[in-house]
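The Fe cation binding site annotation in Swiss-Prot covers 129, 134, 175, and the record cites sequence analysis as its basis. According to Swiss-Prot, the region 'Disordered' annotation covers 1-20.
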C-alpha cells in the first residue's frame, strides 16, 4: 500500500501515521457479498497453486468466515503468531510512512472494497488484495521477518536515493513472487493469489519468462503495473528471502549505480531460466487483447 515519495501530512480524518479506524460495522451487506464472491472463487482455485505457507495462513486467520474480516479479530491471532498487526489506511500511503509501518510489524491495508463491476480488475489495492493477498503470508515467521527487514531497508534506501531498486525487490517477491517446491511451481505473491486470472497466467501461460531468483538481477529489472507480468522470479523456498535480509545492501547499491536497468522481457547472461516465455500475450497487446488482470 505504498505510494510515492515522502509524507506531507495525512489526509483529513487520518492519524499522524496515516491510520484510520477500519469501521467494520459500517460495511454494507453488498460489500460483504463482494468479499465472499472474491474469496470463494480464489480459494476454489488456489489449492495446488498457492504455496503451503499461504494456505496455512488462510486457515490460521480463519479468513473463510463470511464477509470482510474484522481487523481486531484477525490481529489477535496474527500478533500471537508473528507479532504483526494489520492497520487500516485510507489508500496508498507515502513511502516513508509505509516503511515505518513495516519496520514496526504493522501492515497498512486499504479499508475500502472494490465494486461488484470491478471484480476482475482494480487499479488501486483494496482490502481484498491487502488482507487476502498479503496477510496470510505474515503468519509465517520467516516471511514476517523478511517484511520487517524490508521496511527497515526502505528507510535506508530513501536516504541513499536507491528506492527504485528496492521497490523492484518488493514487486517481484511480495507482490508477484513464485516458489519452486517439490510439487512444482507455487504462488506466494499477493498480486497473484488475489487475482483469479493472474493465478492461472503466472503458472500456466507460455508467455512470461520464469527465472530463478537473483537479488541483484531482480533489483535491476523494470516492472509493469498495468497488466500481467512479463517475467516472474522464482525462489527455492521462503528461506531464500531470509538470506536476502542478511546481504549488504549498501555495497549492492554501489554496484547497481554503475549498471543499466534490465527490461521486463529481457533474458540476460547468467539467468537461471526455468521458462523462456514466448511473450505472445504482451505482443498481442495484453489486456487490450482480451485478458484482464485483477
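Note: Cβ is positioned from N, Cα and C throughout, glycine not excepted.
Not measured: the values here are computed from a predicted model.
Everything Swiss-Prot records as a feature, shown here on the structure.
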residue: 129; record: Fe cation binding site; CB count, 10 Å: 24
residue: 134; record: Fe cation binding site; CB count, 10 Å: 26
residue: 175; record: Fe cation binding site; CB count, 10 Å: 19
Quiz item: Taking the centroid of the Cβ atoms of 129, 134, 175 as the Fe cation site, which other residues of that chain lie with their Cβ within 8 Å of it, listed in sequence order?
Solution: 125, 130, 133, 174, 189, 190, 191, 194
